[in-house]
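These notes concern the structure reproduced below.
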Amino acid sequence: MKRIKLISLYTVLTILSLILFFPMLYALSASFMSAQEVLLGHFFPHQLHPENYLEAFRDVPLLRFLFNSIIISLIVTFGVLIVSGMAAYAFVFLHFRGRRLLFILFISTMMIPWETSMIPNFVTVQHLGWINRYAGLTVPFFASAFGTFLLRQYFKTIPEEMWEAAQISGIGHFRFFVKVVLPVSRTSLVTLGIYTFLTTWNTYLWPLLTTTDERVRPLQIGLRQLQSQETVNDWGVVMAAALIVVVPTLIVLFIGQKHLQQGLTDGALK
Amino acid sequence: MKSVELIDVTKTYGNGSVIIKNLNLSIQSGEFFVLVGPSGCGKSTILRMIAGLEGMTSGTLLIGGKPANLLPPSKRSLSMVFQNYALYPHLTARENIIFGLKAHRIGKDIVEKRLREAAEMLNLAPCLDRKPRQLSGGQRQRIALARSIVSEAPICLMDEPLSNLDAKLRARMRSEIRRIQRKIGTTMIYVTHDQIEAMTMGDRMAVLHDGTVQQIGRPIDVYNHPDHTFVASFIGSPQMNLMPAVYDDVQKILRIGASWTITRELPIAGGEVILGIRPENIHPATHPASAQNKAIHFSANIIDTEILGNETQLTFLLDHQTWTAKWEGQWTIPDQSAQEMVILPENLLVFDRKDGHILYDPKRSQKVEEVTV
């Protein structure tokens, strides 16, 4: 009985995962096909064309884009962690008048669609002279209401007595933040870090608006450039590039997953 | 070691509720002082005000004779042990103990020496490299104690440190904390709701109720001579029998309930009073006390008996009031049977029924005489 249940469960899961994974599988398959073969609607390549991968690197400065994407994503990730962490700390451990109101105001910005603030943000960045610069691509994302909210919820579970004990021993806010709050909240920090890294990795519109220079543009734009540069798209090359784009995010997920599981069990046994 | 003094301290919260009213406490240097009271009586608030974790609305705090109202917690030369221990979960026991010392830039040799001494004192050596979650409740408690010891602060504050431990461990830690306090000589201010801790640990104790001090004194004096019905009922287990009564100062008769009267002259004005007697002062008729000619004999219907090994706790009804008595030895008495009992008038306390203050305490006057002689 148990066996039947298990088998049926796995059957359903396998079918579902195949459906969900199909585009990826097709992309992998297509990345080894020639342009004609893709257009003929073949499912498997008759002949492997691994040179598509080399082509992708030759057509656009893919390595440069990859480097930019990594730099931008890392800067935003650490920026968000630092800014959100400090903001969340203030909302939890600093007792000041109007703290609740300020917090409500702060998280209510989550309800404003990003698209509406895009134009004012663009104007600001333009005035700062940050067009075509890493600063313009990263700094606007540092203040994250979501990140602050997430970390605040976790910081609130840290007993107030820990801060009181620190106060009595003469440990100040900054030391307490760095030496106690951050290490204790590792799980939440990793979660927020991965989320931020992946979101930043996948942004398209903002880099498109604020950059014209290939030297600072991220991968997502490079991918788009591959498509439009030729009259007839060489889909094999595009797919090869798309797969290259995916690899770093998979690495981040794998590393993060290990940390996440570790973090979760840490919390459970506390 | 330093003394702690609170002068006319008041604490009110923003919504106008008064937590502490005109508190005056003087805790001597090196003393083990216990603040005891039911939950919500303000005892933890007092401790937190001394620590500087909470501000006072008015009043003065003197630490070592110097005003300390405005000092930050770290400058008040004290350490604190919290109810939930407040250990840092990501640090090992060793790191937890010395965490505070690092902030004070104390030399490595001194830190090591203090750590070693504290670990030895509390038998912590085997678990120094483990994290709090790998330790038992008792061990965590010791880490919290060790953290306080290594700080070598002249004043130590403890907020119900034993309430998360099981009964057996609690009893052991009680004497251990007492032993360490004597050895180091710290001024200890200890908050608890547990009257056994208050009775056994403190040099002196203050019984608190609704933000006011009801009585301050040596535990044994507070037990024998409660100033107030609240203290009388709060300290002692089972609690003191407190019965409404009326004293007739013309006929010199004390009327308890409808039918029971005791003829006795009391140095108080007539009126409504509350009569108090400790359960252990109600004796069986066979007790030697019944031979004394001033002894008061009465009979009551037993409704319940509990044999607790070496003593028996009896519940009986007297004029629709439930009384408890504690007799030495093991007594098997059938329920609903009448039992002869005896009390001595010197064990009767008389309180004012209106404000609960003591009106007459026969043994206290004797004691005062002893002192004056």
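For all residues, glycine too, the Cβ spot is worked out from N, Cα and C.
The annotation domain 'ABC transmembrane type-1' is assigned in TrEMBL to A:66-256.
Sequence annotations record features per position, and here TrEMBL assigns transmembrane segment to A:7-28 (among others). The list of residues near the transmembrane segment (A:7-28) in space but at least 6 beyond its ends in sequence, with Cβ under 8 angstroms from a Cβ of it, reads 43, 239, 242-243, 246.
Residues or ranges marked as transmembrane segment in TrEMBL: A:70-94 (among others). Long-range neighbours of the transmembrane segment (A:70-94) within the same chain, counting only residues 6 or more positions beyond its ends whose Cβ lies under 8 Å from a Cβ of the stretch, are 102-103, 106, 134, 137-139, 141-144, 147-152, 154-156, 158, 163, 173, 176-177, 181-182, 189, 192-193, 196-197, 200-201, 207, 218, 248.
The transmembrane segment annotation in TrEMBL covers A:101-122 (among others).
Feature annotation from TrEMBL assigns transmembrane segment to A:134-155 (among others).
If you look up TrEMBL, you'll see A:176-198 (among others) marked as transmembrane segment.
Taken from TrEMBL, the feature transmembrane segment covers A:235-255 (among others).
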Seminar exercise, completed: Given the transmembrane segment (A:134-155), its same-chain partners at Cβ distance under 8 Å and 6+ residues beyond its ends are 71-72, 75-76, 79-85, 87-89, 91-93, 103, 106-107, 109-110, 121, 124-125, 128, 181, 185, 187-189, 191-192, 196, 200, 206-207, 210-211, 216, 218
